[in-house]
Amino acid sequence: MAGIRMLLGVTVVLAVALIVNGSIQRVPVYMQEPREVHANPMQVLYNKYNARAQPHGAIPISDFANAQYYGLIKVGEPFQSFRVVFDTGSANLWVPSKECGYSCTLKTRYDHNESRSYVKDGRDFEIRYGSGATKGYLSKDQLFFGELRVKEQTFAEITEEPFQWVLSRFDGILGLAFDSIAVMKVKTPMSHLIETKMLDSGMFSFYLPDVPGSTGELIIGGVDSRLYQGEIAWTPLATRDYWRIPFQGLDAGQGNIFAECSRAIMDSGTSLIVGPSTEVAILAASVGATANPIMPGVYTVDCTKIASMPPVTITFGDKDYTLFPTQYVNVQTILGQTQCMLGFAGMDFNTPEKLLILGDVFLRHYYTVWDMDNGRFGVAKLKGRKHAATIVATM
């Protein structure tokens with residue numbers, strides 16, 4: 001679900017590495033910024049985390065109004081290739097169906113009649129979000145990650161998409177969260193790979209690019225020690241649904257602003273760090289950001305004052321993770337004009353506890369490891385990045 005930056009397309013090459021029998025195989029993956037501003041992107045994000053109460057267990061679709069990390073997968077025999085977003089905030093795989101109409105015109109569409117390995121399922125499938133619903137039905141077919149094969153993966157063929165996705169460069173979504181939040185309780189591709197012992201370990205890791213033109217990496221089945229330095233700092237998961245961890249605080253120099261947030265969700269499909277409206281408003285004021293008059297919960301920054309803004313320290317797992325203003329402010333030039341947006345947004349979810357989501361504004365500044373086997377989330381300092389974010393043990 002990538003969050004709220006405005007406009008136009010920059011593509012960054014990202015590599016996916018798969019651990020197969022101890023070797024690393026690389027498959028191109030891309031990071032995309034949007035061609036246009038989606039209608040009410042905050043509403044999309046709101047529905048992603050409120051949808052547990054929706055009919056059909058409909059939950060996870062990301063707000064992809066910003067940067068999208070996506071790569072190629074192959075489905076069927078003969079292969080049909082699709083560009084899918086890797087989203088740790090959802091747990092379903094879906095691709096457009098040949099039966100999908102105008103909104104899928106620019107996308108690659110799956111034709112089960114052309115696949116010799118297709119198996120009919122037929123159950124209705126629906127994902128709800130801000131301005132409509134993505135609908136279709138379940139099917140089964142073989143799925144390929146590079147040389148890795150899931151023999152019979154259940155996924156959704158989408159027959160109806162809202163118009164707002166017509167210009168998106170991705171075809172579908174591949175969820176990397178846990179089976180427990182999957183619509184229809186469908187087993188995820190990662191679960192299949194783990195259960196069939198196709199991987200050395202049930203983990204994956206991200207090295208996300210932070211500037212256009214740089215190369216990143218998604219590794220399925222392990223880590224790449226060449227990309228990080230020092231030890232991996234592990235935090236046990238609070239629950240095995242989303243990648244939810246115990247959260248200890250956020251400080252911009254005036255004490256813990258997020259004292260009422262006890263847990264945070266790590267979400268590669270969200271571009272921003274999203275927290276309760278009141279707390280984010282306090283944070284915005286403390287760093288000198290002002291409310292965007294058009295998008296509630298979004299804040300702008302005077303581009304000439306970024307250098308004087310304070311660092312922001314996020315604490316979990318008894319470690320302090322510090323982001324500097326050049327890392328938590330999104331700077332972009334649109335039609336010759338430079339805009340600076342705060343990488344934090346405010347939103348109140350209809351959940352029992354105040355919800356904090358740590359998206360790509362945080363994740364791209366660290367090497368992150370997602371360990372399904374042991375139910376833990378790992379963070380390490382990046383190697384070779386000029387202005388790497390810091391990790392310090394709390395006292």
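Even glycines carry a Cβ here, placed using N, Cα and C.
Annotations in TrEMBL come from automatic prediction, not curation.
Summarising the environment of ASP87 (active site), the number of other Cβ atoms within 10 Å of its Cβ, over all protein chains shown, is 27. If you look up TrEMBL, you'll see ASP87 (among others) marked as active site.
When other Cβ atoms within 10 Å of the Cβ of ASP267 (active site) are tallied across all protein chains shown, the result is 33. Classification of ASP267 (active site) by DSSP places it in coil, neither helical nor stranded. Residues annotated as active site in TrEMBL: ASP267 (among others).
Under the three-state DSSP scheme, CYS100 (disulfide bond) falls in the coil class. Taken from TrEMBL, the feature disulfide bond covers CYS100-CYS104 (among others).
In this view, CYS340 (disulfide bond) is surrounded by 18 other Cβ atoms within 10 Å of its Cβ, with every protein chain counted. Residues or ranges marked as disulfide bond by TrEMBL: CYS303-CYS340 (among others).
The domain 'Peptidase A1' annotation in TrEMBL covers 69-380.
The signal peptide annotation in TrEMBL covers 1-22.
Mapped onto three states, the DSSP output places CYS340 (disulfide bond) in strand.
Considering only the recorded positions CYS100, ASP267, CYS303, CYS340, the residue whose Cα is spatially closest to the Cα of ASP87 (active site) is ASP267.
A 10 Å radius around the C-alpha of CYS340 (disulfide bond) takes in none of the recorded positions listed as CYS100, CYS104, ASP267. In this structure the alpha carbons, written CA, of CYS100 (disulfide bond) and CYS303 (disulfide bond) are 43 Å apart. Each of the disulfide-bonded residues CYS100, CYS303 was assessed for Cβ neighbours inside 10 Å, and the highest tally belongs to CYS100. The domain 'Peptidase A1' (69-380) scores a mean pLDDT of 91 in the predicted structure.
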